[in-house]
Amino acid sequence: MLDLVHKATLHSMVCQAILVLICLLCYGCGGLSGAKFVFDDTVAIVKNRDVNSLPTNWTAIFTHDFWGASLLSSDSHKSFRPLTTLMFHCEYALLGLSAAHMKFLNLLLHCVNTLLMWRLIRSLYVPEVSTARWAILSAALFAAHPIHTEAVSGVVGRAELMFGMIHLLCLLLTVANTGRLGPQTGGLIMLLTAVGMLFKESAVTIPMSCVLLDYFQNGYYHLRFKDQWSLLRTRISYLFYLLGTLGLLTARLWWQDFETPTFKEVDNPVAHNEHVLTRGLSQQYLLVMNIWLMLCPHWLCYDWALGCVKLVTNIWDLRLQGVIGFYSIVLVALMNFRRLPGMMLALGLMIVPFLPASGIICVGFVIAERTLYVPSIGFCLLSIYGFLYWYDSSTENTHWRTALRILLMLLFSVMMVRTRQRATDWLNEEQLFKSALQVCPDNAKVHYNIARLATDMGNNTKAFQHYHRAIELYPNYESALMNLGNLYREHGQLSTAEEYIRLALQAYPAFPAAWMNLGIVQSAQGKYDKALASYEKALKYRANFAVCYYNMGNLYLEQKRYAEALHHWQHAVALNPRQPKAWANILTMLDNKGLQDDALRISNQALQHLPNDVSILFIRANVLGKLKHYTEAEAIYKRVIELEPHNTLYHTNLGVLYHRWDKTQEAIEAYRTAISISAARATTARENLSKLLKRLEREAQVMQR
């Protein structure tokens with residue numbers, strides 16, 4: 001008896017080790033060391049002050065959406081996931097803003113979910129297949145499936161991973177209490193559902209999945225429909241789940257003031273189409289597309305919004321054959337649900353978690369691969385169920401069974417290689433956007449993101465090319481039009497810049513960033529009154545637009561209205577303390593006015609929010625040097641040079657400090673370093689070095705006399 005227990009324990013440990021190993025081979029093994037924040041990570045984490053500000057702003061975390069905007073704002077997508085945001089914030093507080101460790105935690109959560117899935121399937125009662133084989137094969141497929149790459153390798157996929165964990169825990173609770181779902185179990189499941197909804201809204205479907213699982217595990221499907229209905233009406237736990245779900249939904253809507261999100265056409269062209277038939281047919285086709293991505297995850301793309309999926313405009317579109325095929329399978333499953341309950345259970349566990357993303361409510365995407373993380377649990381169950389049913393039906397044909405085993409091993413190998421390849425794409429934005437261009441060459445958003453990244457990398461030729469291509473594919477793409485205008489402005493083509501920014505405003509008149517950028521162009525043209533009017537228009541559409549206040553300050557500076565300039569810069573940093581240019585302008589103005597003590601005090605405030613910003617540190621060092629606090633100034637200059645070692649100005653000013661300090665040899669070395677970096681830019685260093693050497697020469701001559 002003990003030997004059997006030991007063997008079972010050993011077998012269990014081996015199975016779990018294999019599953020974890022598959023996860024690590026697909027996503028880990030040193031592949032995370034060079035990981036960066038990509039795509040949605042930038043908005044939700046890097047630029048989200050709820051995540052990367054200390055001390056913790058609890059009010060903001062529980063009143064803002066996942067992207068850092070107020071939940072009650074008209075611009076908010078209403079994606080309320082405060083516990084996910086809080087997880088990111090805790091990681092930032094403990095370990096800093098590092099994509100590698102955040103993605104590693106995602107990988108650990110994926111390992112945990114894989115093991116929970118294996119444990120869940122082992123505990124099921126499904127008479128037509130071996131649950132032991134069903135468990136290990138389904139969990140292995142779940143571990144290796146490429147559709148999970150976005151959820152695991154994209155940091156914002158944490159919401160899906162936590163939803164998946166809570167979903168599986170609730171299903172395990174349901175199985176453990178089959179036939180005796182009392183108030184304690186029901187209450188715990190509803191509590192976990194409420195917690196899950198604070199990680200991801202789709203967790204509201206958990207009670208429905210639990211009811212589905214309990215229905216099949218209790219064998220209610222054997223009864224006649226009349227008897228089933230009578231029994232289900234008397235199940236207090238099912239009624240409790242229904243009322244609890246409605247209560248959670250009501251509370252969730254109340255928290256956002258019962259306002260619905262508004263999405264642009266670029267986010268979801270299907271939902272914005274004016275024809276009911278086109279919307280309906282296209283939405284049905286998208287359902288099949290999601291299934292196809294799980295069935296054949298070769299073509300994967302980080303954004304399917306513009307140009308990836310053509311709308312289905314009539315019933316004769318051949319793509320609807322896939323829709324007919326899917327509903328045929330569902331119909332066959334319904335007709336055989338008493339004979340093949342495992343298939344029906346797997347199908348239900350695939351469909352139920354997907355309902356919030358299925359088009360029942362308007363969402364801000366066409367297809368989002370990470371939303372398939374939890375539905376893929378049911379898909380993996382269904383796929384392996386079909387394989388085992390086919391395999392077990394071929395008992396007399398050993399060659400065929402051998403061929404099936406080989407095919408299964410090949411499938412797992414291909415899946416693992418594809419997942420590893422896709423995980424590499426998600427390491428940085430350049431690889432990610434390049435991979436998307438191969439899948440969706442006519443996706444305007446892909447071209448837009450490539451252009452944006454090229455601009456950041458200084459490749460303006462490439463940026464111009466892809467911005468123009470994005471606009472060619474989608475002429476009313478307001479963000480692309482505005483950014484192209486900004487690019488022309490940086491190249492001094494102000495008239496062309498104004499033209500494109502005005503086109504952006506024609507496409508979207510309530511676009512605050514476009515109004516602000518129009519103001520910047522008009523200010524550069526000397527049209528100060530028009531620029532001021534544009535800035536005020538931007539503030540009309542976004543009242544707390546910190547960057548706009550900064551640019552208004554610059555406008556007043558150009559008009560020599562110094563008090564108003566200072567006031568607007570101060571207002572900008574009050575709204576958003578992470579604006580280094582605004583802080584630098586404030587400090588420079590105070591320094592120029594001779595208010596060095598005020599400049600030091602303000603620089604301390606600035607460094608609390610931006611401790612490693614070189615512009616603020618540099619100005620503080622200059623002020624300290626003027627006040628003859630040489631030791632402290634020297635330390636800050638050295639820190640600035642450590643952060644940016646190839647900046648001639650920093651070495652020059654360090655030389656000036658030593659010059660004033662009568663540290664002649666150190667001054668000479670600093671000046672020479674500045675000249676060696678860039679002789680053309682080190683004019684001041686050359687002049688100061690020449691003066692210093694001449695002075696030393698004169699002193700030497702005097703000494704000789």
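Cβ atoms here come from the backbone N, Cα and C positions, even for glycine.
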Please indicate whether the topological domain of Phe337 in Swiss-Prot carries the same name as that of His399, placing both on the same side of the membrane.
yes
Decide whether the stretches the transmembrane segment (315-335) and the transmembrane segment (286-306) have at least 3 CB pairs under 8 angstroms, with pairs required to be 6 or more apart in sequence.
yes
In terms of Cβ proximity under 8 Å, which residues at least six beyond the ends of the transmembrane segment (236-256) contact it?
71-72, 76, 78, 80, 181-183, 185-186, 189-190, 193-194, 197, 201, 204, 207-208, 210-211, 214
Paired segments the transmembrane segment (159-179) and the transmembrane segment (18-38) in contact, 3+ CB pairs under 8 A:
no
For the topological domain 'Extracellular' (307-314), the number of residues DSSP places in helix, strand and coil:
0 helix, 0 strand, 8 coil
Six or more residues beyond either end and a Cβ under 8 Å away: which residues meet both conditions relative to the repeat 'TPR 6' (614-647)?
580-581, 583-584, 587-588, 591, 596, 599-600, 603, 606-607, 653-654, 656-658, 660-661, 677
With DSSP helix as H/G/I and strand as E/B, how many residues of the repeat 'TPR 1' (444-477) fall in helix, strand and coil?
27 helix, 0 strand, 7 coil
